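Have a look at the structure below, then the notes.
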Amino acid sequence: MRRLFLLLLVSLSSASCPDGQFQCSLSQNCVPMEAVCDFLPDCPDESDEEFCASCDFEEHTCGWTDSSKDEFKWRRKMANISAIPGLDHTTETPWGWVMHVEGDDPGIFSKAVLQHTLLQPTELGCTLSFWYHLHDAVNISSHLSLSLISKSSTVELWSIKKGQTHGWENASLLIGNHALGSKLVFSVDPVFIGQQDIMLDDIILKDCAEGDIPADSDRLSCDFEEDACSWFHDQSAEITWKRENGQRPSFGYQGPSHDHTTGS
């Protein structure tokens, strides 16, 4: 009887949140479900953002899932799975964790696919950064790419073809505003000759929450020579702007043959 009483006390003390609310992992705090994965931590332990793409892979995959068709696939592995670089980027030790593709015996149609579905929309200034490592023994050039899949289209956001990186290298790119349900997808094509090791670590989404104002957003005055300053595309528009040189692009073009800033 005493044991039953203690179990009842434990049950009452760990009562779940009301319907429509999320219970934080390490506390009794409850937050609205719409606050989960909104790129702003509402729980004291930040557990409402735990499975929302930003990830160091030390505990789990943070909502990233492998959707490969065969054994040429992504797996969460300790960094000592390969001698090069032998360390993960987060802890700089052999015992840190990464996402890893090892191409021992890929098939003709093999492709390693790692994806995450956005549970909230992103904002105009949303950026994605990550660290990657590429290595194949015969230096053929592994192909790693990042794409965004929406209801209407698939757009390649970034890609690299390289045989070997010098340790961990960083990529950071503006992904902009996208609707919930859009998918971020990392893909690796096999090289078929020799063994390849592909690693990802420390994926970070930044300035993606509603109301976020990215750094340098006061750079509205712009000649577009170096970049787009703080002008952002509205990815929901049917037609988007493209930063190009001033050369006349095609037959029938009626605009000037040079840019205004430099005259070239």
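In case you wondered, yes, glycine gets a Cβ from its N, Cα and C as well.
So that you can see what the record holds, here are the features copied from TrEMBL:
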type     : residues : note
DISULFID : C37-C52  : disulfide bond
DOMAIN   : 53-210   : domain 'MAM'
DOMAIN   : 220-264  : domain 'MAM'
SIGNAL   : 1-15     : signal peptide
Q: Run through the domain 'MAM' (220-264) and tell me, per DSSP, how many residues are helix, strand and coil.
A: 0 helix, 0 strand, 45 coil
Q) How many other Cβ atoms sit within 10 Å of the Cβ of C37 (disulfide bond)? A) 23
(Q) Counting across all protein chains present, how many other Cβ atoms fall within 10 Å of the Cβ of C52 (disulfide bond)? (A) 21
Q.
What residues elsewhere in the chain lie close to the domain 'MAM' (220-264), defined as a C-beta under 8 angstroms and at least 6 residues from its ends?
A. 124-125, 174, 176-179, 214
Q) What is the average pLDDT across the domain 'MAM' (220-264)? A) 81
